[in-house]
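A quick write-up on the structure given underneath.
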Amino acid sequence: MAKKTIEDVQWQGKRALVRVDFNVPMNDAGEITDDTRVRAAIPTITYLSQHGARVILMSHLGRPKGERNEKYSLRPVANHLQELLKGIHVSFADDCIGDTAKEAVGALKDGEVLVLENVRFYAGEEKNDQELAKAFAELGDVFVGDAFGTAHRAHASTAGVAAYLPSVAGFLMEKEVGIMGEALASPKRPFVAIIGGAKVSDKINVIENLLPKVDALLIGGGMANTFLAVQGNDMAKSLVESDALETAKRLLAVAKEHNSRLLLPTDVIAAKAFAADAEYTARKVNELKADEMALDIGPDSIAVFQAEIKAAKTVIWNGPMGVFEMPAFAKGTFAIAEAMVEADATTIVGGGDSVAAVEQAGVADKMTHVSTGGGASLEFLEGKTLPGVAVLEDK
Ligand code: ADP
Ligand code: MG
């Protein structure tokens with residue numbers, strides 16, 4: 001990656017102000033239900049600590065709407081981090097700016113870690129308020145951007161603060177941007193992308209950006225219905241976006257123009273109701289009954305998609321192939337995950353629901369990269385420059 005990283009800085013005795021993404025899901029009892037994001041930040045934190053930095057971590061948690069709200073306190077996350085970081089002292093500051101934060105920073109010894117309270121307790125955070133950004137900057141000597149999951153937002157702690165401090169990438173940021181950036185810029189071929197999910201409108205820009213780059217684009221999920229409808233199939237009760245028909249038509253034309261192979265399902269799993277216990281059967285896309293809806297890709301499509309994936313050298317996947325939350329309609333999605341595991345390829349998964357599916361299938365660690373950022377990875381695949389990446393210094 002063309003950005004400076006934490007390896008380009010002499011850390012001994014310096015205050016590393018690190019923006020991490022500790023926006024973890026919590027249950028009503030205030031317990032962390034999935035600590036993936038906390039663990040994803042450990043390599044950066046450990047490196048900084050081992051190199052003698054005083055490590056100051058800032059993050060948001062949930063949507064406290066610019067006000068202090070104990071429900072969204074990062075204290076439980078700091079406690080959990082202490083359990084994960086055996087041997088490294090972790091403390092917590094009850095505020096993310098001002099005297100409380102400054103005193104806590106002042107008390108840090110080299111190698112110690114401090115977690116600041118939720119940056120979204122201040123309304124200026126999401127407005128990228130420059131005064132707030134300066135107040136953050138006073139706490140550190142060098143800014144480290146490691147919150148890939150929030151890098152698509154220009155907020156005070158992700159972007160604004162970088163104007164006032166030397167700014168470098170952490171290991172998570174480097175990995176996310178490096179692997180996805182290389183896959184897009186110079187993919188090993190064949191390069192296959194699989195796009196799914198509910199709506200075409202969510203993924204237009206991704207499809208548009210990927211079409212000229214890939215050798216094949218496989219489309220499944222609810223959004224495939226809209227493309228299939230454009231091609232003259234009667235999708236019956238399936239989810240079809242009437243206001244995205246023109247867009248789908250245009251994307252099919254773009255594919256033709258670039259000679260890109262855009263593959264749609266040839267068969268689907270048809271059900272009479274959007275329900276886990278609905279009766280279902282496999283049908284060709286042009287043979288749906290009037291009272292049926294397509295809730296997954298069918299076995300013929302699975303076979304074709306799997307063959308494409310297994311022959312590929314680079315595979316990027318965003319969006320499930322069906323309503324994978326219901327086991328009856330999860331086969332297509334899991335079949336994609338399985339083929340990616342078997343492929344001798346660089347395999348990348350992005351998108352909240354696709355990542356959840358891969359984790360459910362128990363194969364997350366068999367992928368080259370599972371992105372920690374749903375929205376951020378989507379914008380990255382759209383070819384956009386992420387503000388939280390742009391502010392980091394070039395090598
Ligand atoms: P991601 O979070 O991976 O980007 P999306 O949010 O775009 O994925 O889409 C995921 C949602 O799409 C899931 O909730 C899934 O149930 C839904 N979905 C997939 N296929 C269909 C379909 N055929 N009909 C209705 N909904 C679908
Ligand atoms: Mg989603």
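Any Cβ shown, glycine's included, is placed from N, Cα and C.
Counting every protein chain shown, the number of other Cβ atoms lying within 10 Å of the Cβ of Gly62 (substrate binding site) is 16. DSSP classifies Gly62 (substrate binding site) as coil under the three-state reduction. TrEMBL lists Asp21, Phe22, Asn23, Arg37, His60, Leu61, Gly62, Arg63, Arg120, Arg153 with the feature substrate binding site.
Take the CB of Glu325 (ATP binding site) and look out to 10 A: across all protein chains shown you find 14 other CB atoms. DSSP assigns Glu325 (ATP binding site) to coil in the three-state reduction, placing it in neither a helix nor a strand. The annotation ATP binding site is assigned in TrEMBL to Lys203, Glu325, Gly351, Gly352, Asp353, Ser354.
When the binding-site residues Asn23, Ser354 are compared by the number of other C-beta atoms lying within 10 angstroms of their own C-beta, Asn23 comes out lowest. Over all protein chains present, the Cβ of Asp21 (substrate binding site) has 25 other Cβ atoms lying within 10 Å.
Each residue contributes its Cα atom, and for Glu325 (ATP binding site) and His60 (substrate binding site) those atoms are 28 Å apart. In this structure, the C-alpha atom of His60 (substrate binding site) lies 21 angstrom from that of Asp353 (ATP binding site).
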